[in-house]
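As recorded in TrEMBL, the features of this protein are as follows:
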DOMAIN    53-171  domain 'Purple acid phosphatase Fn3-like'
DOMAIN    176-282  domain 'Purple acid phosphatase N-terminal'
DOMAIN    295-529  domain 'Calcineurin-like phosphoesterase'
DOMAIN    554-613  domain 'Purple acid phosphatase C-terminal'
SIGNAL    1-29  signal peptide
Amino acid sequence: MEYNDMRGSIVTTLVTVVSLLGAIQEVKSHKDQPLSRIAIHKTRFHLNVQAYVKASPSVLGSNGQHSEFVMVEYSSPKPTHDDWIGVFSPADFNASTCPGDNKMVETPRICSAPIKFQYANFSNPRYSNTGIGSLKLHLINQRSDFSFALFSGGLLNPKLVAISNKVAFENPNAPVYPRLALGKEWDEMTVTWTSGYGLNLAEPVVEWSIIGGEPKLSPAGTLTFGRNSMCGAPARTVGWRDPGYIHTAFLKELWPNSKYTYRVGHRLSNGEFIWSKEYQFKSSPFPGQNSLQQVVIFGDMGKAEVDGSNEYNDFQRASINTTKQLIKDLKKTDAVFHIGDICYANGYLSQWDQFIAQIEPIASTVPYMISRFCPFGFLSFEQSFSAFLITNGNHERDWPNSGSFYQGLDSGGECGVPAETMFYVPSQNRAKFWYSSDYGMFRFCVADTEHDWRVGTEQYNFIEQCLSSVDRKHQPWLIFIAHRVLGYSSTSFYAEEGSFGEPMGRDSLQKLWQKYKVDIAVYGHAHNYERTCPVYQSVCMSHEKSNYKGPLNGTIHVVAGGGGAGLAEFSVLQPSWSLVRDFDYGFVKLTALDQSNLLFEYKKSSDGRVHDSFTISRDYRDILACAVDSCPATTLAS
């Protein structure tokens, strides 16, 4: 190469790298948390003796339930169309000072955002004329009491007009919302739940047994975190809410593919127990075991309120539909992978409780695996135990100078702490949330895209080790999972960058996918559905679309980011490797029929029906067969 050509090549490379790094650092949150629209810190007190708010019943959960509807009735002598009702917990939400307040600021103050809100004229079309209205609002047990406040002035200039009586669950400390996860070993299941019982009040335990067997007790570790564990606002300010205590127990030496019962609870100092209701789960099959195995994968779901509150532009209403469809299909589901962007709390911590309550019917029955990360130093331990199970999303992790690969504001100051504490992940290091998971005939290699994955990094080495160490004779179905699209996507924001995927993503990893014959790679982040042909280096290695037989000679890349958050447009250009695109909400289901046949299905959240599918049929010898860059050069040469 001539000197001038070489210099030009180097300059071009440097410009490209600088451009990519600039793009990474310019990532910004798209402000999709409904509570962020409320300027609660600007509230002025305009209490009016002629106005009122009344809530009933005042005691909830008397029959042991952990969610209930409350009737809220209200009246204002000066009603307007932008009056609204805020739900606050704890009930005493005003204070003389707030964290970070200027001492010269007028008091009293409201230091915390509501946990939910609704406009006063919602289902009350005559409210603006009569000043009288009512709302039926849904509450979940969140370890404290509630009150309801009537505001005028809209969301940006709120004026507090009236406050209700207090409402509380009979036992606000009760153990609630159990969520299962696969352990580090195939014969282990973890159970995580939330309560108001610290170790000074009670000892957390799980009672469990194989169906018909003798019950046994397993102890649990306890975690919590404080306001100072958050990295910035709003998580440290108006979005802060005490997370309570999160407990995790490890149920070990389980028989493969067997049904177990369990309940979570606490042993009080007087020896009495407080128990949840009883749940069931099925243990994992032995790695390589030839049985029917069904796994659901999706990303970017978020949460929504069943009473219609907290919504604007119906941004996350589809998450309710996704949840309902997963519950309907629960008897035909063995595990769930939620690949990042979990609940979009974005610094409003009360929303984590709302999310785990929403998914409880699923997560309490089958392992609910997530992707995420948190540095070790951020957590406050009451009792140390093994790490948590999660896949990393930008809306859980990203915050400037917090160790994330991207420097955006998407986490709202959470910088990963709530997500990692709420869920368990079988990673080897608490600060590095990449992991492998074996489920029968499946091997899942889960990457953490909020940390560097490029050649030479620790995560790159992990990915290669995960892909290379699987016994394909017994675990033929090799699946790669990540939040951001490290492979292929024709979503408009990727197409505009010119990368059709995360910059530097497949440049670093595609030779690994090809060398170790990854069958399917699944991503979130782009809020839509897209499936490619078996592709390598942007070239389709097969033109088959629905029935693949023998070697794939490439990897099928799937974007499954339509779990419930607002949809993302596709580029006008549809590249040749893009076979199917759907601008709608849905999830993916993989069914290992046996060691030679895999069924892939994409189901829409609206109706639960299959809208795209394909099958892979092959023998072990097909995995051994050489394809481009999949075998040593000497083998190809011979």
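Cβ atoms are placed via backbone N, Cα and C, with glycine included.
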Looking only at the domain 'Purple acid phosphatase N-terminal' (176-282), what are its DSSP counts of helix, strand and coil residues?
-> 3 helix, 56 strand, 48 coil
Going by DSSP, how much of the domain 'Purple acid phosphatase C-terminal' (554-613) is helix, how much is strand and how much is coil, in residues?
-> 0 helix, 33 strand, 27 coil
Please work out the mean pLDDT for the residues of the domain 'Purple acid phosphatase N-terminal' (176-282).
-> 96
